[in-house]
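Chemist: Take a look at what TrEMBL says about it:
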- B:66-71, B:100-104, B:124-125, B:136, B:145: NAD(+) binding site (BINDING)
- B:178, B:242, B:256: Zn(2+) binding site (BINDING)
- B:62-172: domain '3-dehydroquinate synthase N-terminal' (DOMAIN)
- B:175-316: domain '3-dehydroquinate synthase C-terminal' (DOMAIN)
């Protein structure tokens with residue numbers, strides 16, 4: 001399947017298929033240098049596949065520490081100097097092969113090297129169906145995630161589905177968080193389709209029909225980011241579950257998508273409270289719990305530090321903490337939330353989770 | 001005088017007048033936070049002026065180390081973390097008050113903080129009539145100048161001519177290098193007008209008519225950058241004198257504009273050699289020498305390390321070192337230059353400078 005963005009100019013293709021990486025040369029032939037950056041876990045599991053790409057289509061390969069740990073200014077400084085030592089030019093292209101962290105990190109290198117060179121995303125996780133699209137790149141700061149970064153579109157996204165077959169359970173669960181979020185933004189039918197296909201964790205881990213849902217997720221995201229690239233308006237919707245989710249992720253170090261699922265629950269409670277929405281919280285808690293998301297972790301957290309982290313969120317303005325709320329499934333809005341409502345929602349979430357998790361796990 | 005850019009969207013005003021900084025509130029009123037960054041020398045000389053701005057229109061003031069020394073990843077890391085501690089939002093605006101270095105540095109902070117916040121340029125030097133326009137921002141790497149950066153347009157440029165009255169001789173000379181470069185790009189008449197107004201250093205230091213020449217320089221630059229923001233084509237012309245100039249600057253630490261003047265001479269010699277141009281090298285050597293540019297420094301340098309630095313230039317591609325050459329005054333082109341011609345031009349330049357400087361200084 002090949003999608004193309006529909007910006008006014010500088011569009012890029014999104015190729016979703018098995019062996020997509022074999023087409024890399026079609027997109028890199030005209031560059032002077034091609035430098036591959038590969039997540040160390042991907043490189044170790046897929047070494048012959050990666051080596052074949054490197055032999056044919058690359059001038060140099062860099063193996064990056066796996067996951068979020070690479071997204072620091074220290075690694076940034078190290079790799080930008082290494083790149084500069086190779087005398088890059090504006091005809092240099094960087095290729096990011098890995099999950100969202102590798103894409104964010106290499107994208108930020110590309111955005112700032114010589115004031116911007118091209119880069120190509122080769123996402124290897126389910127989670128990265130989200131992060132590889134739309135041009136958000138960046139690294140973490142001591143104050144929170146992705147606070148240093150840029151908007152820098154990839155020259156192409158080659159989504160090679162082969163890589164998904166080696167994902168560990170936790171990585172599949174985490175990626176499903178963003179797939180589920182895209183369905184919540186799309187509408188009730190999308191959510192029901194997902195829940196019936198992946199009615200339990202075992203069904204999800206088989207990854208049947210995953211290509212269809214990834215493409216639907218990508219389409220949902222593209223629709224939004226093409227209308228609002230720099231997140232002045234509706235792109236904020238994509239932060240559904242992320243305001244509270246990022247805070248939980250930062251505090252607990254659970255995987256991103258797991259934290260987003262908890263953030264989605266939290267947002268439902270806030271929406272019921274503030275907008276008189278009628279989300280069936282119990283349904284979501286039960287489903288997420290049965291899928292294996294670590295909802296119980298909420299019991300170990302306190303509101304105050306989470307609230308401080310939410311105050312760092314990029315959506316905020318002078319009115320306070322802003323959050324995406326679903327009025328109904330498929331109907332997002334962005335609202336400023338009074339702190340007392342945030343605190344109340346935290347208590348409610350803790351209570352419901354306690355009851356459900358305790359009850360279900362003792363059935 | 002008020003100019004406005006003519007991009008398709010996101011245009012910004014360029015105000016050139018005395019007391020321009022007093023209008024800052026007109027451009028910052030709608031922001032949630034306004035953070036001022038001021039060059040320490042500017043702050044010390046203009047403390048009451050700066051304090052008045054800070055009292056009325058700012059939430060916080062940062063005094064930056066003067067000049068290029070601030071453009072490092074170390075300072076970048078320090079200040080981006082300090083900014084994040086202040087809980088910035090996308091309604092935060094940074095204001096750069098100083099020369100080109102402060103503008104480049106603060107612009108890069110703004111380009112990468114929360115994936116981009118607004119910034120306003122308040123240039124305080126003649127040199128910064130060039131760097132504050134056009135959205136190039138960045139910092140230096142161990143391999144050369146401005147190799148880490150972005151394109152990020154200012155929200156406004158407030159060029160307060162008051163600040164020019166406190167500039168030391170070297171800073172005026174350095175700024176005049178870019179004014180002169182813009183005239184060379186514009187045409188013979190512009191160059192003659194400059195040379196007759198500023199027929200010697202004393203005339204230049206009086207700064208009479210400087211407003212007119214700064215505005216002409218800004219117009220020349222705007223014409224070019226609006227057609228080619230990201231330097232794929234004619235924006236490269238603005239690098240006239242910079243390929244060799246940056247290398248000399250990096251090796252000798254002489255001021256930027258001084259090095260550009262030497263780079264302009266060098267380029268004239270290359271153009272005569274490669275394009276059969278008919279530049280009167282002796283005329284330029286004599287004029288630049290009489291104005292007080294340190295041409296003699298070329299005698300202390302060797303070709304090889306300069307050539308290595310030129311190989312880092314952002315204009316290069318697989319064909320080799322590329323340089324802007326004037327076929328005639330007002331007629332720039334970008335050419336790949338064979339290394340033997342570069343080396344020959346270096347020898348020629350050294351020889352002419354030796355003869356002229358020795359002769360003129362013994363008259």
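Note that Cβ sites are derived from N, Cα and C of the backbone, with glycine treated the same way.
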Chemist: Hey, for the Zn(2+) site built from B:178, B:242, B:256, who else sits with CB inside 8 A of the CB center?
Modeler: B:127, B:130, B:177, B:181, B:241, B:245, B:246, B:257, B:259, B:260, B:263
Chemist: Nearest to residue B:242 (Zn(2+) binding site) by Cα, among B:70, B:100, B:145 (binding-site residues)?
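Modeler: Minimum Cα distance from residue B:242 (Zn(2+) binding site) across B:70, B:100, B:145 lands on B:145.
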Chemist: Which of B:68, B:104, B:178 has the fewest nearby Cβ atoms, counting only those within 10 Å, among these binding-site residues?
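Modeler: Selected from the binding-site residues B:68, B:104, B:178 on minimum Cβ neighbours within 10 Å: B:68.
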Chemist: Using DSSP, how many residues in the domain '3-dehydroquinate synthase N-terminal' (B:62-172) fall into helix, strand and coil?
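Modeler: Summed by class, the stretch gives 44 helix, 36 strand, 31 coil.
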Chemist: What three-state secondary structure does DSSP assign to residue B:256 (Zn(2+) binding site)?
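Modeler: DSSP call for residue B:256 (Zn(2+) binding site): helix.
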Chemist: Nearest to residue B:256 (Zn(2+) binding site) by Cα distance: which of the binding-site residues B:66, B:100, B:102, B:104 is it?
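Modeler: Its closest listed neighbour, by Cα, is B:100.
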Chemist: About how far apart, in whole Å, are the alpha carbons (Cα) of residue B:68 (NAD(+) binding site) and residue B:178 (Zn(2+) binding site)?
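Modeler: Per the Cα atoms, residue B:68 (NAD(+) binding site) and residue B:178 (Zn(2+) binding site) stand 17 Å apart.
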Chemist: Express the distance between the Cα positions of residue B:100 (NAD(+) binding site) and residue B:178 (Zn(2+) binding site) as a whole number of Å.
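Modeler: With the alpha carbons as reference points, the distance is 12 Å.
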Chemist: What's the CA to CA span in angstrom from residue B:125 (NAD(+) binding site) over to residue B:178 (Zn(2+) binding site)?
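Modeler: Residue B:125 (NAD(+) binding site) to residue B:178 (Zn(2+) binding site), Cα-Cα distance: 11 Å.
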Chemist: Are there residues of the same chain, six or more positions away from residue B:145 (NAD(+) binding site), whose CB falls under 8 angstroms from its CB, and which are they?
Modeler: B:68, B:246, B:249, B:250
